[in-house]
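Scroll down for the structure; my scribbles are underneath it.
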Amino acid sequence: MRSFDVVILGGGAGAKMIWGSVPGGSVAVIESGLVGGHCPFFACVPSKAMLQTAATWRLAAHGQFTDLFTGGVSARQAYDQAVRRRDRLVHDRDDSAGAAALAETGATLVRGHGRIARPGVVTVDGEEIGYRDLVLNTGSTPTVPDDIPGLDDIAAWTSEHAMSTAEYPDSLVIVGGGPVGCEMAYLFAAFGCTVTLVQRASRLIPREEPEASQQMADTLEGLGVQVALSTTASEVQTQEGRTRVLLDTEYSVAADTLLFATGRTPATTDIGLDTLGVVPDERGFLPTDEHCRVTGTDNVWAIGDAAGPAPFTHTAHYQGRVVAANLAGRPVRTDYRALPRTVYTDPTFASVGHTEASARQAGTEPVIATAAVSDTVRATIDGTTQGWLKLIADPHTGTLLGATATGGRAEEWISELSQALRSEIPITDTTDVIHPFPTFSEELEGALWKLAPRF
Ligand SMILES: Cc1cc2nc3c(=O)[nH]c(=O)nc-3n(C[C@H](O)[C@H](O)[C@H](O)COP(=O)(O)OP(=O)(O)OC[C@H]3O[C@@H](n4cnc5c(N)ncnc54)[C@H](O)[C@@H]3O)c2cc1C
Ligand SMILES: NC(=O)c1ccc[n+]([C@@H]2O[C@H](COP(=O)([O-])OP(=O)(O)OC[C@H]3O[C@@H](n4cnc5c(N)ncnc54)[C@H](O)[C@@H]3O)[C@@H](O)[C@H]2O)c1
């Protein structure tokens, strides 16, 4: 039997933080799909690539830049170009570069579906492989409702299909208004598709600030998306080659394609957890302690979408680094206070830490300050004035509890706030940071200078 010091089950985002970081130890990565997981091939990279092409193409619609464009590219042609660019960037879903990077570190790639056979042993296609430490990194799969009559008769899309097909739906119904639903609605509407977005909750991206949900709805509606809130799909019918989606209101929508963006489920079934006595929580996440060690075990770790608490690639990277440190004998603990959240529509959305509501739920009446993208000179220069920043501070400690921002490349400079939050930097000190002129990051000064006199 081949045996390794560390076996990583699933070669997704966090695995690469570990596979080259076990000094003097042998590592095997078991992967049933593509090395790198969903992010580089079916999720983050292809979606951001298409959103970038959409944003570039839409510049032509902006009065200040229209004359710079030679014109003549239809929405459909722009979509086709976006697909070609996307497929180039994701290497046509070929993972040989990732596999080569893995091999260069001296780690061993085992292709196939892995399953824990008993403590210390996993099996892959009948072969037993021994481990000292096991890292569960099996990711997640799209959640599709199984209680909608008629669904079995149509080929509904998930984001994975949308991000790997060249098909162009003239009309699209998207069910689910979280980050995936909003990004998909933005990009297909930007390329001229008729999009209806059906969201069960009373607002889009419902865990975020209500102002952000409203801005998201305004952005999408501005592109022509029909946003149906507090609504769900109750039945699906096929009519003359089209799909008719009956809603639980009195309405129905006909479209070429139906796309589900109704969340993701941790891939924690069918991996033999029972042999270790490990039981996922009610949402399917693996229970872990603050070192990412699976609760009740000494030598089993869990990272990424399978572990929670927030399914982002940067969460998986972070947890991979935490596990690598622990495997190297440094007992590093996770701290999720400053975990950023993003949605890459235009304007983009970025947040970190508490919202106003969650701070109150946690028992703090927060101090709040806001600023607008349009306050910066960079906004005038770039001709983009949409967006704002909202800061939430702790009245007792004078430190940041959270921030939400839209527009103005907030996804880049939000990390400055993450640092302040994570390191509990007094707000009175943050006002001493000098931002380069003219940048969007100067918006931070506006809000922080409003907060500082309160402490
Ligand atoms: C459309 C979309 C856009 C997104 N955009 C962003 C973004 O912009 N930024 C961001 O931070 N996050 C984004 N995300 C979330 C991000 O994709 C995930 O959080 C990330 O991919 C999780 O990585 P992971 O390694 O945990 O899981 P995965 O990427 O799912 O990787 C798990 C791997 O394990 C393998 N595997 C599973 N079970 C087994 C088994 N038993 N044996 C062998 N192999 C197995 C799978 O084949 C897979 O390759 C997006 C998600 C979607 C759906
Ligand atoms: N930019 C990014 O970083 C990025 C982009 C996309 C996704 N992601 C990650 O992927 C994860 C999954 O995203 P998601 O948007 O699929 O999931 P989600 O759970 O965040 O949102 C799903 C939404 O669908 C709605 N919904 C669920 N069932 C429904 C139904 N039957 N009818 C109507 N609406 C329904 C819910 O109200 C919810 O708001 C996110 O949590 C996020 O972390 C990140």
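Every residue number used here counts from 1 along the chain in the order it is shown.
Backbone N, Cα and C define each Cβ position, glycine as well.
Cross-referencing G72, G112, G114 against the FAD binding annotation in TrEMBL, which names K48, T138, G139, S140, picks out G114. Among K48, G114, T138, G139, S140, the residues given in the record as binding FAD, the maximal Cα to Cα distance rounds to 30 Å. Only G114, G139, in sequence order, out of the binding-site residues G114, G139, G178 have a CB under 6 Å from ligand 1.
Sequence-distant contacts of G176 (NAD(+) binding site), defined by Cβ-Cβ distance under 8 angstroms and a gap of at least six in the same chain, are V198, Q199, R200, F260, A261, T262, G263. Neighbour density around each Cβ, counted as other Cβ atoms within 10 Å, peaks among the binding-site residues T138, S140 at T138. When secondary structure is read from DSSP and collapsed to three states, S140 (FAD binding site) falls in the strand class. In the predicted structure, the domain 'Pyridine nucleotide-disulphide oxidoreductase dimerisation' (340-446) carries a mean pLDDT of 97. Summary: among the binding-site residues (G114, G139, G178, G263), the fewest other C-beta atoms within 10 A of the C-beta are counted at G263.
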